[in-house]
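Lifted from TrEMBL, the feature list:
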- A:125-430: domain 'NADH:quinone oxidoreductase/Mrp antiporter transmembrane' (DOMAIN)
- A:12-30: transmembrane segment (TRANSMEM)
- A:37-58: transmembrane segment (TRANSMEM)
- A:78-94: transmembrane segment (TRANSMEM)
- A:106-123: transmembrane segment (TRANSMEM)
- A:160-181: transmembrane segment (TRANSMEM)
- A:205-229: transmembrane segment (TRANSMEM)
- A:241-262: transmembrane segment (TRANSMEM)
- A:274-293: transmembrane segment (TRANSMEM)
- A:300-321: transmembrane segment (TRANSMEM)
- A:333-360: transmembrane segment (TRANSMEM)
- A:381-404: transmembrane segment (TRANSMEM)
- A:467-488: transmembrane segment (TRANSMEM)
Amino acid sequence: MNFPLPDFFPASAEIFVLVMACVVLLADLFKSERQGWLPYLLTLATLAGALAIQVGTAGADTTLTFSGMFVDDRLSDVLKSCLYITVFAVVVYSRDYLMARGLERGEYYLLVLFATLGMQVMISANHFLTLYLGLELLSLAIYALVALDRESARSTEAAMKYFVLGALASGLLLYGMSMIYGATGTLEISAIARKLSDPATNMDVLRFGLVFLVAGLAFKIGVVPFHMWIPDVYHGAPTAITLLIGSAPKLAGFSMAIRLLVDGLPTLAVEWQQMLMMLAVLSIALGNVVAIAQTNVKRMLAYSTISHMGFMLLGLVSGVIELRASGDIQLSYAFGSAMFYTIAYVLMSAAAFGVLLLLTRAGVEAETLDDLKGLNRRSPWFAAVLMMVMFSMAGIPFFIGFFAKLAVLQAVVAAGYLYTAVFAVMLSLIGAFFYLRVVKLMYFDEPLDTAPLVASSEMRALLSVNALAIAVIGLMPQSLLTLCATALGQAMK
Amino acid sequence: MLIEYFPILLFILIGIGFGFVPMIAGKLVGPSKPDPEKLSPYECGFEAFEDTRMKFDVRYYLVAILFILFDLEIAFLFPWAIVLEEIGMFGFVAMMIFLGILVVGFIYEWKKGALDWE
């Protein structure tokens, strides 16, 4: 037997992150007392370097490597570039918070880098095993991160819940994958799609497997009725870790949905679109209504995540799959809107948790609505930042969140689900209440805590850039929308 | 049809025999001098019957987990060593990278003191 040397070039960003993770680990072990900043700077350098490599090696073609297990296409380039930028922001926002709590250890940076690597592998997966491998690398790193604060009973409980439910979800996903393997005889995603058009394939086994795949996927992105872990984990984890869970993994989750369902099982679209429709409608309803009752901002944002992920799924539901016969861009517009929604949500979520991190300091945990009272008196600019984020999440023009909702709703209407679109708009209106309540608390209530905000200047600067991105992309969303649509159009060819 | 299952029947019979014959032979042939220590059940270092909510030394588990990690590494090395001539340089380098990552992990646990008992 002869093993041909695989083409490592498409995976160069992954290899770089892996090598740098080992370097960060060794640097953390052998650094001197005065070099406490070393792991932090190395992590940022890794993410910046990975972004540079990703952009530098980006090509217009789709390249398969590692015997068809790994794909490098426009979709993965765009999603991974967003991923590095998000994780970069997460690391910068988190440092002060972690230092104030004695959690800023090398392990944090290491686990963040491994989670990033897991997400990279997920985004580039063209094989069920690669997808699962990436998912587990991401999940295991995040379980450990949630339990980073070992003394806190609440985070340990959250980590335990997350671990048990996450393991169950992985089990469901694997079971679904094994069913699909049983029906098609292959685990390679593009080969499965080819097998589906073969009339000899057992469709019943496929549908059975599909149910488990969708359930596992729904668990991982946290949509109703598989959302139970989201509020508890968001609430229990240290805020810096909530920031990580609530942002970058959504990009990987979106890519997982695209690779599994759109790339892998296109002929079963009628089946999975029905399932996703149920999940989406339930998530939008429950997320927006239950969030009103929350007094804890982290729990409120958790329910808001559920409703936003429901919206993202609506985009996937509306995509028309004309089975590669005519792979023009117009067809993938609905999937492009889902991708745009995901990127927009990640931007908003990073900024929202970023402001929460800004309000904390040693011994003070800002996480209830009361902590936001009178923020305008304490810092008019960051009150404005959080206001922009809340307006954007509520879908008020002209922020990015508005165009994300608009794009998805246009796709939903174009696909003929008029009542679903009306329903989604109604519930977004209900949801606007709790976003606007935050704005009211910041501007019209007396502050309970008048201490000045403590934060490093790099965090203030990056958070401002993040907020401005929400506003600026909101003013000219077309280029990002087109980018999403072309990336998906190419991935579906 | 049924004759095809004969090897399985044979397998079951031998399996049962393998379990019971030494026990019966030991009872019949071996000397029997019981004392309380010999009769008490053995449970790797713990008292067999006591409250389950007891304190135990967590270091024992740390060593056990580390042992499993490196034990698995050996399990990968055996099949690799057998086919090394066929998989050539690529297989050799791939395994070296795998071992290299494990060595980084080993340095980490050593430096963090996971291997010190006291």
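Note: Cβ is positioned from N, Cα and C throughout, glycine not excepted.
A TrEMBL annotation is a machine prediction, not a hand-curated record.
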Selected stretch (most C-beta pairs under 8 A with the transmembrane segment (A:381-404)) from A:241-262, A:274-293, A:300-321, A:467-488: A:467-488
Two-stretch contact, the transmembrane segment (A:37-58) and the transmembrane segment (A:205-229), at least three Cβ pairs under 8 Å: no
Winner by Cβ pairs under 8 Å against the transmembrane segment (A:241-262), considering only A:12-30, A:78-94, A:106-123, A:300-321: A:78-94
Interface check, the transmembrane segment (A:12-30) with the transmembrane segment (A:333-360), three or more C-beta pairs under 8 A: no
Contact ranking winner - A:78-94, A:106-123, A:300-321 against the transmembrane segment (A:333-360), Cβ under 8 Å: A:300-321
Long-range Cβ neighbours of the transmembrane segment (A:78-94) (under 8 Å; 6 or more residues past either end): 13, 40, 43-44, 47-48, 50-51, 54-55, 108-109, 112, 115-116, 119-120, 123-124, 240-241, 243-244, 247-248, 251-252, 254-255, 339, 343, 346, 350, 353-354, 357-358, 458-459, 462-463, 466, 483-484, 487
Outside the transmembrane segment (A:300-321), six or more residues from its ends: residues with CB under 8 Å to it: 221-224, 227, 230-231, 233-235, 246, 250, 253-254, 257-258, 261-262, 266, 269, 273, 276-277, 279-284, 286-288, 290-291, 294, 331-332, 334-335, 337-339, 341-342, 345, 349, 352-353, 369, 393, 404-405, 407-409, 411-412, 414-415, 417, 420, 424, 427, 431, 434-435, 492
